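All remarks here apply to the structure that follows.
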Amino acid sequence: MSPLANHSFVKMNGIGNEIVVLDLRDVKHVVTPDEARAVASRVPYDQMMVLQRPRFDGTEAFIRIYNNDGSESGACGNGMRCVVSQVFGKTGQTSATFETRAGLLNCWQGPAPDLYTVDMGVPRFGWQDIPLAEEFRDTRYIELQIGPIDAPILHSPSVVSMGNPHAVFWVDNDVNSYDLERFGPLLENHPIFPERANITLAQIVDRDHITMRTWERGAGLTRACGSAACATAVAAARLKRANRLVHMTLPGGELTIEWRERDDHVLMTGTATFEFEGRFEPALFASVA
């Protein structure tokens, strides 16, 4: 029987990003792709944040991040805020450090009781870091488009790694006027992205405000993607089209992103909302090897 049978979980959302938080620090088990997909079939989520025993002194947990297709991700900003909310709520802490595949993340209570800040680390721009399948010296724009050659619908995205690959397409019109459900999977799986990519449409309202919509790698169309908001804010600042502190509007809500000048770390501040707590029924994993 799966060690997840009868185990408790918490369902949350980070401004619309559907999150399951699963604390396995008391269980020596690594969730399998089949188990992750089984959970998603009963408790729909965009990402599942699994807390495992920390590997280093001074950290709260090692976080494994699963997409609903069973694949793993290196980063999920909205999910991290949900984890932080749960941990702080139980321990009374106001700051903590967590381990992820993308590195150590420092987190703390935000400027209001329902706000949490996650230091998402330093963005990477090298074509091999993102990664891309071929060399681009300047990743502020790369050659990629959807639509006719002489009149592309989307073209020339900025690419950034926030521990996971992001492509940001700049648009002049409302981000909701584009058929992202159609273009998203094509771009996510484009050969230029050997590890696939998160695809974002972004409209710069002014230097302090950006609206965006994201097709999330391994999860599909989402109401919010925190790492995509970070990547978009950084990409806009690299192009000198936005300030380093920006207000981001996503379908599910609002985030504040700061690309801190003194050390190039990206700070994301937003809410985390509790929905319900439950336990996994053993039958859910009956067909899982």
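Cβ from N, Cα, C; glycine included.
Per Swiss-Prot, the features are:
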type	residues	note
BINDING	Asn17, Gln47, Asn67, Gly77, Asn78, Asn164, Asn198, Glu216, Arg217, Gly226, Ser227	substrate binding site
ACT_SITE	Cys76	active site, proton donor
ACT_SITE	Cys225	active site, proton acceptor
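In sequence order, Asp46, Ser73, Ala75, Cys76, Gly79, Thr214, Ala219, Thr222, Cys225, Ala228 are the residues of the same chain, not among Asn17, Gln47, Asn67, Gly77, Asn78, Asn164, Asn198, Glu216, Arg217, Gly226, Ser227, whose CB sits within 8 A of the CB centroid for the substrate site.
Ranking the binding-site residues Asn17, Asn78, Ser227 by other CB atoms within 10 A of the CB puts Asn17 at the bottom. Comparing the binding-site residues Asn67, Asn198 by how many other C-beta atoms lie within 10 angstroms of each C-beta, the top residue is Asn198. Calculated from their C-alpha atoms, the gap between the residue listed as 'active site, proton acceptor' and Asn17 (substrate binding site) amounts to 7 Å. Using a 10 Å Cβ-Cβ cutoff, the residue listed as 'active site, proton donor' registers 33 neighbours. Taken over all pairs of the listed substrate-binding residues (Asn17, Gln47, Asn67, Gly77, Asn78, Asn164, Asn198, Glu216, Arg217, Gly226, Ser227), the Cα spread reaches a maximum of 17 Å, rounded to the nearest whole number. The distance from the Cα of Ser227 (substrate binding site) to the Cα of the residue listed as 'active site, proton donor' comes to 6 Å. When secondary structure is read from DSSP and collapsed to three states, Asn17 (substrate binding site) falls in the strand class. When secondary structure is read from DSSP and collapsed to three states, Asn78 (substrate binding site) falls in the helix class. Here the CA atom of Cys76 (active site, proton donor) lies 10 Å from the CA atom of Asn67 (substrate binding site). In sequence order, Asn67, Ser71, Ser73, Asn164, Pro165, Glu188, Arg196, Ala197, Asn198, Ile199 are the residues of the chain that are 6 or more apart from Arg217 (substrate binding site) and have a CB within less than 8 Å of its CB. DSSP assigns Ser227 (substrate binding site) to a helical segment in the three-state reduction.
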